[in-house]
Amino acid sequence: MATIKEVKEQLAILRDLDDPRWASFEEDSRTGVQAAIRKRRKAILAELAEEERLETLLNYEKSLYARGIELIAGVDEVGRGPLAGPVVAAAVILPKLCKIKGLNDSKKIPKSKHEAIYNQVMKEAVAVGIGIKDNYVIDDVNIYEATKLAMIEAIEKLNPQPEHLLIDAMNLDLPIEQTSIIKGDANSLSIAAASIVAKVTRDKMMADYEQEFPGYAFAKNAGYGTKEHLSGIDKFGVTPIHRRSFEPIKSIIKK
C-alpha cells in the first residue's frame, strides 16, 4: 500500500475533477488520504476559477486580436492621491493571450505577492515603459495633467510601439488607437500588468525617500496622508517631495 506521502504526490498530478483515477484514491479510507483528496480537489477548483478569471480579463485583448491587432499596451498609473512623491505610470505590452497567475488590479494583490508578480510581468512582457512626474510637475500643471504626461512618457518608451492602447479611465492625445476602460486594472490583464509595474516602481521610490527623509514613514504609507505621515509633518515640516498644491500642505506652507 502506498504511503500517504506517495498518495499526495500522485494526487498532485491530477488536473481534472473527472479523472477516473480519483476513484481508486477514494477507496482508501485512511483519514490522511481523505484529507489529501479534499485538499487537492479544493486546489483544482481554485486553479479552474483562476483560469476563468484570467480568461475574462483578456476579453478586451481578445476582441483586438480578432481584428489582427497584437501589440496592445495596457496603461495605468499609481500615485494620484498621495501628499508626497511622484505620480508613476507604466505601459506594458504582453505576448498574445499571455496569462500570469495572480495578476490583478494591484490594489487587490496582497503586498507579499507584489514583487513576485512584478518580476513575472517583467519576464513575460514584450515591452515595458515607465513614466514618472515628480511633485514639482504635479504642482505646476495639476495632478490630472501630470498623470497624462507620465502615461505618455511611459508609452513613448515602449519598443516596439503599440498598435492599440488600453487605458485605465483616461484619454491621451496620441496618434495611437485607444480604449479607455473604467476600472481598467480590474477588467484588462494588460492594464493590470501596468498597474503592478507602476505600483512596485513607486513603492520602491518611496522606500528610498524614507531613507532620505526619515520620520514620515514613506515606505509604509507611500506618501498618503496617514496619521503617522501627518505627525511627521507636524514634527519635521514639509519636505522637498511634498506636493505644495495639495491640502493640508498648501495651508501649512502659508503659515
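Glycine too: its Cβ is placed from the backbone N, Cα and C atoms.
Keep in mind the model is a prediction, meaning the values are calculated, not measured.
Listed in Swiss-Prot for this protein:
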| type | residues | note |
| --- | --- | --- |
| DOMAIN | 70-255 | domain 'RNase H type-2' |
| BINDING | Asp76, Glu77, Asp168 | divalent metal cation binding site |
The domain 'RNase H type-2' (70-255) [mean pLDDT, rounded to integer]: 97
Assigned conformation of Glu77 (divalent metal cation binding site) - DSSP reduced to three states: strand
Other CB atoms within 10 A, centred on Asp76 (divalent metal cation binding site): 31
Cβ-Cβ neighbours of Glu77 (divalent metal cation binding site) (radius 10 Å): 28
Asp168 (divalent metal cation binding site): secondary structure state under DSSP, collapsed to three categories: strand
Remaining residues near the recorded divalent metal cation site, that is with C-beta within 8 Å of the centroid of the site residues Asp76, Glu77, Asp168: Val75, Val78, Ala89, Ala90, Met151, Ile167, Ala169, Met170, Gly184, Asp185, Ile191, Ala194, Ser195, Ala198
